[in-house]
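In what follows, a structure is listed as structure tokens, so that the remarks can point back to it.
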Amino acid sequence: MDDDYEAYHSLFLSLLGLCPSKTSIDENAAVFDPELVIAHCFKQFKQKDFRLPQTRRRIIMVPRKEDQTPINPASQPQAPPEPIPSFKALEAKDIQEQPEDRKTWLSRRAKLRQELESFGDVKRWLENKPSITPSEAKVLHMIHEEQSAQTNASQATTRTTRKKGPRLSRQMVPQLQLPKPPALSVMYSYLHSRKIKILEIFHKVGQGENQRITREEFITAVKAVGVPLKNQEVEDIVIYLSSLGKHNTITMDILANTYKQWSMAQQRSSLATARKRYILVKHRDSLKGPLKKQEVDAAPQLPKVDLLTVPAVDTQMEARPMTLEEMEEVGKRYRERQRQHKLMIPSIQYTEQCRLVRCGNRHFDEHCLPSTIHGDMRELIDSTRRHNFLVYLQCWKLCESYGLPLTEDILMKALLYPGDKIIFQMDKVRPIRQPGGYYSDWKVFSPNLALLRSQGPSKSKRTDKKPPKKSKKMHFKEFEEFTRKLKVRRSSSLQQTHPNSFWPGHLLDKLQLYLPTVATDRSLALFSCVQHQPHVYPATYHPDHWWPLRNKNYMTRAYYDAAKVYYIN
């Protein structure tokens, strides 16, 4: 040990260059060999083997049973071999020397499993364990399934033994099946005709299907409904229904089943009768066929003529034949023309009288008048008027329900259309005026001049016959007052209607229904009155002699002709 230590120490110092080594002193020695140092450094690693560890094999020796007898009883008992420890890995020689058969290994494993299972109560141990693994849970589940299967098998065996026992001792007594009484079908047909359900008449009984109904309750319920049955017939029904139950009692389930059977029988009988009627009708038609053929054959036949016949002349007009719908339309037009020739009123009034059924309210009647516009717009306008009328009725109901102080007249003015007013002039119907327009063509003239024009030249001649009036002298002030009055008269005489007053719904921007659940929305107004308001900053606030003096971030206005003061920085 000391020699090795000295050699190692000298070698280490020689590497560091602190002292000369023995190898360097030796003249015969070669140059420094690094292999020795590397071998010395990796000496401890070479001792270990970098291979996977060998698999360990556990062998459990089971003791022999006592009842087994030795094969050679005369031979001397040998000492039992020493048990091999369970965690000792066998060498290759031992494995080769002791070959083991597969059957013996399986028998040993089965024996070991039995011993482990009989070691203790596995179910109790697993149930008392605080946390179990998935494999343990699987074993516990298998134990529970085995126990449940054993209990079911034991119950089945007991039932079979119970059922088989009485059969050997006594014979089964045959049960009598009572015939269905005809009164039952009478009762069900009566209830079906009155649209009464059999389960509804027993209102005092509970709703369960297996609820029992006593004899007294059944009889009182049938009498309360008024079924035309005698007491004996009701008793027959009770006896029959009670015989269907287990304990000679009537249940709701029995009533439902019997009623269902009766309804199915009724359907089958109705189908059978309908089939019989169809067969009879078909048989009658088949019998009538040959009789008709015999009558036709019995009719006298006309003698055949060999002469040529004259072709029939086509008296119809050379035109396309009309269909039934076209012929009906032509007839309608013809009748309408004949009616128009006989009438003495205009066509608009006639259509109004024909198409309308008046309700008595003038506003409703004028709103529901058919439009006088021709074309596709007519149908569109009529549909919008009907829709607006329904909206008016809904608004009126809502106002009444919410107690809003909106009268019916206000809603009529706001929602209903005033109607196309028919205007006559010289026994002629004038066209409808446009918004802001006038009914007549005399727009600028006063009413007196218009009357003179309408009266014609005869009345104007009468005015010429009158003597001319004398001219009256007037002062300047009187003349000024007279002209002022004429201006007022002329302005008042002219028709000054607001351009928005014609349209329906021109008050919708002012009239709003206040409902607690509906928010007001001005965008829903169909028509709105546009009024031009004055500008926010009119020119009167800034006269011409006030101008901006500086052009910076702000602008100030000042009087430019005022005295100016200049400062020199």
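Cβ from N, Cα, C; glycine included.
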Item to check | Stretch carrying region 'Disordered' according to Swiss-Prot (options 63-85, 477-499) | outcome: 63-85
Next on the checklist: I want to verify one value. Collapsing DSSP to three states, which class is Arg212 (Ca(2+) binding site)?
Outcome noted: strand
Checklist entry - What same-chain residues, at least 6 away in sequence, bring their CB to under 8 Å of the CB of Arg212 (Ca(2+) binding site)? => result Thr249, Ile250, Thr251
